[in-house]
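Taken from TrEMBL as is:
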type: REGION; residues: 1-24; note: region 'Disordered'
type: COMPBIAS; residues: 1-17; note: compositional bias 'Basic and acidic residues'
type: DOMAIN; residues: 188-320; note: domain 'SET'
type: DOMAIN; residues: 327-343; note: domain 'Post-SET'
Amino acid sequence: MWEPDTKKRCQTNEHQQEPNNPTGPSLQCFELILPWLTPIELANISLTSKSLNQLSKSTTLRRSSDASRSFENLPIPFHNTIDHHPYAHFIYTPSQIFPSSSQPQRQSWGSLDFSSSASRLGVEPVSLVDELGHSVSGCDCERCDDEDPDGCPCFYGMDELDMGNECGPSCGCGLECENRLTQRGVSVRLKIVRDRRKGWGLYADQFIEKAQFVCEYAGELLTTKEATNRQQMYDKLASDGHFSSALLVLREHLPSGKACMRINIDATRMGNVARFINHSCDGGNLVTKLVRSSGALLPRICFFASRDIKENEELAFSYGEVRLRVNGLQCFCGSSCCLGTLPSENT
């Protein structure tokens, strides 16, 4: 049961305040509580008094100014001139996270001082260890230099292949290491724009060069069984056309060619800005790469620019080529080779 840590502060002079006209300590209490509310709860409480209406509007404005809640290096604002939805509500995590009963059901968003209440949701990566629990891989470098990659055993770089390798949690270097490019979060200016047909979409808010890192696909790491169950639930919710899921399934074929590893990441309820990247039948302007950190068991799915991307251009990639469902969701990518329906398969 969620209960923000504001109870003691909210009791101050509570008997002195009129419920329909909160002032002083009571108003300060609401300033602490409102960032934890859902959009519906926020809208309902805004109807109770002028003071709370103003506080709710301020909270909404701060939410729409940064989808990342300051978890990323740069704010990622929402822009909507289509309808009355100022932002999309979800729990933000900048990295992969494993589902558990201890996960927060709410997250503070839109407070006056976000840094004081923010808590990072990402988890330490699952690492390969020996029988003593020590990491079996990593480097002792204090800093890895891409001009001398032979000096670091972790340095494989981001080549033309669909995979790359970076230093990991057991390495001696820190986040400033040149071989931790994708671990430092979003470093290009992005924005989330509302479209009348496609809904929300992620756009470049600056020029992005070809091969530049954009973001990773963060969310809940699921087992195949859980991914199948959730997709079935999402399909039912999407039947009326008012629900959109963000469950990404990626298969990595092993060198033998006889097996593959399946990665299921669900960013529907908990994820990062990558959940807003739409599909394009022509492949879009992003390419996905599997990036492994030395010692980590599972790779991360990262997006890089497949070509130069102009400012205000929508970011997109191909969800796949398979279309198994007879009544698939309509595609609005607008490309010259649009097939009319979004890719679909049996999850």
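Any Cβ shown, glycine's included, is placed from N, Cα and C.
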Next item on the list: Give me the mean pLDDT over the domain 'SET' (188-320), rounded to a whole number.
Entry: 92
Notebook entry, point to check: Using DSSP, what's the helix, strand and coil tally for the domain 'SET' (188-320)?
Noted result: 19 helix, 62 strand, 52 coil
Note to self: Let's see if you can do this one: DSSP helix, strand and coil counts over the domain 'Post-SET' (327-343), in that order.
What the structure shows: 0 helix, 2 strand, 15 coil
